[in-house]
Amino acid sequence: MDFVLAIVVGLFIATGSYFLLSRSLIRMLLGLTVFGNGVNLLIFTAGRLTREVAPIVPTGLDQPDGPIANPLPQALILTAIVIGFAMFSFLLVLAYRAYQSLDADNTDTMRVAEPEDSPRPPLSY
Amino acid sequence: MATATPSVDLSEAMITTVTPAADWVIVLPLVLALMGAALLLMLRQKRGIAPIVAMLAVAGIIACEVMLLAKVLQVGPVSMTMGKWLPPFGISFTADIFGAGFALAASIVTLILLVYVQGEREPGDGSDGFYSLVLLLLAGVTGSFLTGDLFNLYVWFEVMLIASFGLIVIGGQPIQLDGAIKYGFLNFLATSFFLLSLGLTYGLLGTLNMADIILVAPSANPAAMAGVAGLLLLAFGMKAAAFPVNAWLPASYHTPPAAVSALFAGLLTKVGVYAMMRALVVLLPASRDLLEPLLASIAIASLLIAPLGAIAETNLRRALGFFVIGGIGAVIAGIALPSLHGIGGAGFYILHAILTMTALYLVAGLIERLTGQTDSRRMGGIYAAHTPISILFFVLMLAAAGVPPFLGFWPKLLLLEAGLAQSGLREGGAVDYLSLAIVVALLANAVLTLIAGSRLWAHIFWRAGPEGELSEHRSGKLQPLSLREARFGLGATTVLVAIVVLAGLMPEDLFTAARMGAGDMIDPSRYIAAFGLAGGTP
């Protein structure tokens, strides 16, 4: 199973990177999300996959009975998903707000902070 | 539900004793910052008390960090582990000299900034959440400096990131939205890259605790670890705005109000480059050796291109943004020269950059207030109208370029020493040209920064008026600072500049601290011992 997921991770990262190369903010956002999900899947796979054994210690024992699924990557991913979702929501609102006040979804036309016709540097000292 | 007495001995995996009260100083700064931020959020409708609460919280943080630093200087790195599990299972906070020192510098800078904004903002108004966000940003920065766990570092990075998102858009001007988009997308991508390399680290080593990584990494596949280290270099390089991935910094740092960009310039990129130092020098030294030519090239390119960018730029704060990038180049030069002098110089430079870059942006804010302009071509004549500001800017410009006896000179001296020692020029025999190139780049950076800075000074302060104005008379367009601006803005900036000057005049203790900090980074045995890993000391 691991190698299938590894290929899927590669596909996610590639798709995310491709979207990020776009000039449209919405596509870039989608790219970031797909990229982030690829990363989450990678952490999941990095913890090694064990099928259908919940990491629960049975009553009366001090350690689990036989091999169990690794619970740590799940905790890591849960944190990363929450954070990633918060960032995504903020950037989505920011992109919408920028669309409203800058009238631009294309990063090439978004030149308020770095004006296109910026002056030549002064020659005097 | 009381469990029966455990049949196994827990002392090998769990902490059985209560944490001594003195160890709490390492997490108290974070507790104070997070609680302060929450409190300020609740109090934001109440006028008048927000700045006082924020300043009290930061003062408390400073007190804790002074105690922490004193302790670290005395007994070496200290560590505290949350929960009852011993590391590597529990999450540790660990402070060494660099971490504790930078955290202290960051909170001092934040306190000065909180005083400074009293001159800019409406008195006592915290309804836009500014004070809350400043404390959250400080929490993220302090957490990143003090954590001993790689995943925890990621979480603090994100705390810092979301707080900076909030700060950069407060006010909602179109230019801020534009800057925020570039800043937001690229920094979020950088933390995603960090998370990616973190996942790979976990897959390869099975641990994310820093001390445990140091112990396990040598036995892992060196090629795979070098790949992880390369990804970490990309992620932290993006956060730090090192050369090929620096474009977001001059595109965004000049867009928020000057006080906010001062906070960003002083703290955020330094956290990135500190994390790079921690990851490459301490955690994965073998991979750092493989990446050394790459690190050296990045350092040289950042050192040379940044001041050239500053020379070509007319917008004052954008030009200062290039100074920030040049400083990052100097720190990476230290990472590429892994001797006691090199790492010590890099750490010393981070301290210098935290203080000096913040102060430069604060002065830039005063200049923008005075002239009502952001472009240096439309400024001029401030020397006659307001001499104190011109002196502050001049001192800081010399400090940034590294002119003795100001603060920037001493870390550069250490770095030059390290580069010359590594190049083998003095001993004769084989010469390491890459180290020699770093030395030349450091010197060229100083000259170019001096050219860019002194030209800015000449244009803004020395000439009679804005570009094209030939009159010898004082320009009538300058607006004198109001009483509040002069008292809080100029006062706070003067205090920070005084700290920079005094530290530059008395660098002896800083040298000692840098040498000790670098010693703990190159030979991390004391650092590992502080964690108290499960299963006995290594």
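Start at 1 and count along the chain as shown; that gives each residue its number.
Note: Cβ is positioned from N, Cα and C throughout, glycine not excepted.
A TrEMBL annotation is a machine prediction, not a hand-curated record.
According to TrEMBL, the protein has these features:
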- B:148-422: domain 'NADH:quinone oxidoreductase/Mrp antiporter transmembrane' (DOMAIN)
- B:50-70: transmembrane segment (TRANSMEM)
- B:90-117: transmembrane segment (TRANSMEM)
- B:129-147: transmembrane segment (TRANSMEM)
- B:184-205: transmembrane segment (TRANSMEM)
- B:225-249: transmembrane segment (TRANSMEM)
- B:261-281: transmembrane segment (TRANSMEM)
- B:293-312: transmembrane segment (TRANSMEM)
- B:319-340: transmembrane segment (TRANSMEM)
- B:346-367: transmembrane segment (TRANSMEM)
- B:388-410: transmembrane segment (TRANSMEM)
- B:430-453: transmembrane segment (TRANSMEM)
- B:488-506: transmembrane segment (TRANSMEM)
Folded-back contacts onto the transmembrane segment (B:319-340), same chain, C-beta under 8 angstroms, at least six residues removed: 240-243, 246, 249-250, 253-254, 265, 269, 273, 276-277, 280-281, 285, 288-289, 292, 295-296, 298-307, 309-310, 313, 346-347, 349-350, 352-353, 357, 360-361, 364, 376, 400, 411-412, 414-415, 418-419, 421-422, 434-435, 438, 441-442, 445, 449, 452-453, 456, 515, 518-519, 522
The transmembrane segment (B:388-410) vs the transmembrane segment (B:129-147): 3 or more CB pairs under 8 Å: no
Segment-segment contact (the transmembrane segment (B:430-453); the transmembrane segment (B:293-312)) at 3 or more Cβ pairs under 8 Å: yes
Other parts of the chain folded back onto the transmembrane segment (B:293-312), taken as Cβ under 8 Å at six or more residues beyond its ends: 230, 233, 237, 242-244, 246, 250, 280, 319-320, 322-326, 328-330, 332-333, 335-336, 434-435, 437-438, 441-442, 444-445, 448-449, 451-453, 455-456
Intrachain neighbours beyond the transmembrane segment (B:50-70), with Cβ under 8 angstroms and 6 or more residues off its ends: 25-26, 28-29, 32-33, 35-36, 39-40, 43-44, 78, 95, 97, 100-101, 103-104, 107-108, 110-111, 114-115, 117-118, 124-126, 131, 134-135, 138, 142
